[in-house]
Amino acid sequence: MSRIIGRKGINYIHRLNSASFTSVSASSIEKGQNRVIDASLTLIRERAKLKGELVRLLGGAKASTSLLGVPLGHNSSFLQGPAFAPPRIREAIWCGSTNSATEEGKELKDPRVLTDVGDVPVQEIRDCGVDDDRLMNVISESVKLVMEEEPLRPLVLGGDHSISYPVVRAVSEKLGGPVDILHLDAHPDIYDCFEGNKYSHASSFARIMEGGYARRLLQVGIRSINQEGREQGKRFGVEQYEMRTFSKDRPMLENLKLGEGVKGVYISIDVDCLDPAFAPGVSHIEPGGLSFRDVLNILHNLQADVVGADVVEFNPQRDTVDGMTAMVAAKLVRELAAKISK
């Protein structure tokens, strides 16, 4: 089903051709696609330039977090609601029920801590028949546009977990070398090619590791893993910390030091790393997960230069009426912004 939906844009173009545009050549369609992609990148480029200039004029920031939304859900193997997450997370970040300071006292209203460059228009691009190979390149290029405007660093709002591959690829290529990755998730997302989709949200870290974009990959919160997940972990030298041993691993995981000898550390948080008691609004509910304070302890105590991050797999269509998981995702974003900015 996901592969059929994944080709929706291409099928849409085919229907147009058969119905009323039979004389439109493939090259003309490609030129049109290129115009849409160029326009999409131009908007992100100009917004990043504006936000970067603002932060530089204010001065005093060595690193500043900039939000980039990637509302992509078609690579999910189950539900596609994560495509609707970025606006809900933004709404929750600025919800009047809480203040705009992080736990460590950083003020989110200060552009040196947090800016926003908008969303990659995923559905608009796909509606023009753009395939996933090109779409992944657009996402990577968008991340690089943010990073070109120093001191901005990307904090990406998913979307399903397939977005981590093009984002990490962009961060690694832009910095000129691999990073260490701290990945919090109920699942390892390291299938070689899940259900025939190499870009599946269940395969993102296989693409990252085989591309050489990460030196170390630490996966924390794992509690849904099969034989292939373990074999792939061994193949790539992944450090997998399962929930069944978390009480034993906790002292080490709450005092991590990462990134020495590489270009920095990337943090990827799948909201389903949390126990569903804390975050019910996810596509793949897995009981027995981390508490929210477990996650914050890991983040707050981490010794690292965090060069990028993502928060993925929040599904607003499964959230509670009062938007509890949206607030949870927003809190993760707020604390990640504090960790990145300096």
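Glycine too: its Cβ is placed from the backbone N, Cα and C atoms.
If you take the C-beta of D189 (Mn(2+) 1 binding site) and look for same-chain residues 6 or more apart in sequence within under 8 angstroms, you find H161, S164, H183, H201, A202, S203, S204, F205, A206, D270. For S77, G96, S97, T98, N99, D189, I190, Y191, S224, the entry in Swiss-Prot reads L-ornithine binding site, with the evidence type experimental evidence.
According to Swiss-Prot, the Mn(2+) 1 binding site annotation covers H161, D185, D189, D270, on the basis of experimental evidence. Packing around D185 (Mn(2+) 1 binding site) is summarised by its Cβ count: 27 other Cβ atoms lie within 10 angstroms of its Cβ, all protein chains included.
Annotation comment: Swiss-Prot describes D185, H187, D270, D272 as Mn(2+) 2 binding site, evidence class experimental evidence. Under the three-state DSSP scheme, D185 (Mn(2+) 1 binding site) falls in the coil class.
G196 (substrate binding site) falls within neither a helix nor a strand when secondary structure is assigned with DSSP, and so counts as coil. Swiss-Prot lists E195, G196, N197, E313 with the feature substrate binding site.
Look at Swiss-Prot and you will find 1-22 tagged as transit peptide.
The binding-site residues close to H187 (Mn(2+) 2 binding site), defined as a CA atom within 10 A of its CA, are S224 out of S77, S97, N99, S224. Same-chain residues that are not part of H161, D185, D189, D270 yet have a Cβ within 8 Å of the Cβ center of the Mn(2+) 1 site turn out to be S164, H183, A186, H187, P188, H201, S204, F205, S268, D272, C273, V312, E313. Under the DSSP three-state reduction, D270 (Mn(2+) 1 binding site) is assigned to strand.
Nearest by CA distance to D185 (Mn(2+) 1 binding site), out of the binding-site residues S97, N99, G196, D272, is D272.
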